[in-house]
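Peer 1: Features from TrEMBL:
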{"type": "BINDING", "residues": "Arg73", "note": "substrate binding site"}
{"type": "ACT_SITE", "residues": "Asp130", "note": "active site, proton donor/acceptor"}
{"type": "SITE", "residues": "His162", "note": "site 'Transition state stabilizer'"}
{"type": "BINDING", "residues": "His190, Leu191, Gly192, Val193, Gly194, Asp265, Phe266, Arg267", "note": "ATP binding site"}
{"type": "SITE", "residues": "Arg223", "note": "site 'Transition state stabilizer'"}
{"type": "BINDING", "residues": "Glu365", "note": "Mg(2+) binding site"}
Amino acid sequence: MIEMPAEIALAAGKIEQANTPEAVLTITTPAGKQRTFRHGLTDVSATVNTVLVDLAKMDVLADPDDVTGVGHRVVAGGEEFSAPTRVDERVIDDVRGLSEYAPLHNPIEADYMGAFMHRLPKTPMVAVFDTAFHQTMPPVNFLYSIPISYYKKFGARRYGAHGTSHDFAAHEAAKYLGIPLEDLRMISIHLGVGSSATAVQAGHSLDTSMGFTPLAGLTMGTRSGDIDPSLVAYLAKKTDKTFDQMIKILNDHSGMLGLTGFSQDFREIDKAASLGNERAAMAEQIFVNSVVRYIGAYTAEMHGLDVIVFTGSVGEHIGYIRHRILDRVAFMGIAENPAKMAIQGTGMLTMPESKIKAMVVTTNEEVMIARDVMAIVAHRAKN
C-alpha cells in the first residue's frame, strides 16, 4: 500500500500458497508492525476481505473506501493491452482469455480483479501489464522466423516480460544521470529468479530477451533460457515425457538449478565454486555468457550504448555477478570503479571517465504501478 503522490510505502503483504488450506498471509509496515494470518484465506474474496480488514486493524487504513485506486499487475496482456487500463468486466474477461499465454498467472489475477471490484465497487481498478512496455518493439524484433500465418492466426510472437521493472529502471536511471530519457541508449538487465535484458532506446523498448513466454532469453534460476526447440522434441522422445512435461522441466528444473544440481541461489553457487565445485563454476560462466551475448547484440542494434542498468534481486545485490559481466565487456569502453562493485542501492558502478556508464537501480515495480494508477485516476477526474 502506497501513499501518493509522495510514493511512501505504508504496508506490504505477501500471500503464500494462496487459495489453499495452507495459505499464509503476512502484512508488514515500515514501522515494524507485522501480522500473520493462517485462516479464512481459502478463496480470493476471503483473502481480499482479510487484507482490507487487517490493514484497518494495523492502523494503516481507516476505511477501505479511502483507497484512491487499486493496481493489478498482469503478466500477459498480448497485443490487446499496450498501456495501463481501467478495469471493467470486459477487461477481466480479456485477461482471462489471455490465460494460455500465462496459465499460472492470468486466471488468478482476473479473479483478484473481480474480487476487489466487488469489495470496492466505487474505487478505480487499473491493470498494469508486464508485456505492455514491450509493445513498442518493431515487427523486425517481435516476429519469429516462422510462417507469418501463425502470428496472424495465433498471436505467435515475442511479447517479453518484466516490462514494469525495465520501464521503472529506465526512468530512474535517466533521472539519476541527469540526462533526458529520449537521449539515452540503454540496456536494462533485470537479474533475479527470472532474468531478462531489454534494449531501451529513447525511453522505449526496442528489443527484449524473453519471448512468447518468460522461458526464453537469459539463463535463469530454474528456467533454461534460449534453447533449440528441436532439443525439446528429442528429449521428450528419449525420456518418454509429454511436451507439457518437458516445458515444466525447462521452467522449473533447469537454469542454474539444473546446471548445478543443487541450487538456484547465486550465493550458494558461488560458495560451492570457490570450494572447487566445477559444475557450480561452469554454471556461473554460462549465466554470465548469456547476459554478455545480449549486451553485444543490443549494442549493435542501437548503434552504440550509453548506459547499462542492473536491477532485480541479483542485479541489485550480487556484486561479483555485476563485476564478471562488466569485465567481459570492458573492451567496449567500460571502466569499472572497484570501490563501487559491492553497492546495494541505486548508484554508479563505473568511473567518471567511462565511455559507457554502468549503474544499479533499485527496482520498485509497486511504485511504478502506483504511478500508472494515479495517471488513470487523474485522467478520469478531468473527464
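Backbone N, Cα and C atoms are what each Cβ position is placed from, and that goes for glycine too.
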Peer 1: Compared by Cα position, which of the recorded positions Arg73, Asp130, His162, Arg223, Glu365 is the closest one to Arg267 (ATP binding site)?
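Peer 2: Out of the listed candidates, the nearest Cα belongs to Arg223.
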Peer 1: How big is the Cα-to-Cα gap, in Å, between Asp265 (ATP binding site) and Arg73 (substrate binding site)?
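Peer 2: With the alpha carbons as reference points, the distance is 25 Å.
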Peer 1: Check Gly192 (ATP binding site) against DSSP and tell me helix, strand or coil, would you?
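Peer 2: In the DSSP reduction, Gly192 (ATP binding site) maps to coil.
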Peer 1: If you count other CB atoms within 10 A of each CB, which of Arg73, His162, Arg223, Arg267 wins among these recorded positions?
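Peer 2: Checking each of Arg73, His162, Arg223, Arg267, the winner is His162.
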Peer 1: Suppose we draw a 10 Å sphere around the Cβ of His190 (ATP binding site). How many other Cβ atoms does it contain, all chains included?
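Peer 2: Cβ-Cβ neighbours of His190 (ATP binding site) within 10 Å number 32.
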Peer 1: Which Cβ among the recorded positions (Asp130, Asp265, Glu365) has the fewest C-beta neighbours inside 10 Å?
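Peer 2: The recorded positions Asp130, Asp265, Glu365 were compared, and Asp265 has the fewest Cβ atoms within 10 Å.
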Peer 1: Output the one of Leu191, Val193 that, of all these binding-site residues, has the highest number of other Cβ atoms within 10 Å of its Cβ.
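Peer 2: In terms of Cβ crowding, the pick is Leu191.
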Peer 1: Take the C-alpha atoms of Gly194 (ATP binding site) and Arg223 (site 'Transition state stabilizer') and report the distance between them in angstrom, rounded.
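Peer 2: It is 8 Å, counting Cα to Cα.
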Peer 1: Given the recorded positions His162, Gly192, Arg223, state which is nearest to Asp130 (active site, proton donor/acceptor) when distance is taken between Cα atoms.
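Peer 2: Result for Asp130 (active site, proton donor/acceptor): the nearest of the recorded positions is His162.
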Peer 1: Any idea which of the binding-site residues Gly192, Gly194 has the thinnest Cβ neighbourhood at 10 Å?
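Peer 2: Relative to the other binding-site residues in Gly192, Gly194, Gly192 has the fewest Cβ atoms within 10 Å.
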Peer 1: What subset of the recorded positions Arg73, His162, Arg223, Glu365 lies within 10 angstroms of Val193 (ATP binding site), using C-alpha positions?
Peer 2: Arg223
Peer 1: Cα distance, Arg73 (substrate binding site) to Phe266 (ATP binding site), nearest Å?
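Peer 2: Each residue's Cα considered, Phe266 (ATP binding site) and Arg73 (substrate binding site) end up 27 Å apart.
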Peer 1: Grab the ATP binding residues from the record (His190, Leu191, Gly192, Val193, Gly194, Asp265, Phe266, Arg267) and give me their largest CA-CA distance in Å.
Peer 2: 17
Peer 1: Cα-Cα, whole number of Å: Arg223 (site 'Transition state stabilizer') versus His190 (ATP binding site)?
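Peer 2: Between the Cα atoms of Arg223 (site 'Transition state stabilizer') and His190 (ATP binding site), the distance comes to 14 Å.
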Peer 1: Tell me, in order along the sequence, which binding-site residues from His190, Leu191, Gly192 have their CA within 10 Å of the residue listed as 'Mg(2+) binding site'.
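Peer 2: The binding-site residues close to the residue listed as 'Mg(2+) binding site' (Cα within 10 Å) - there are none.
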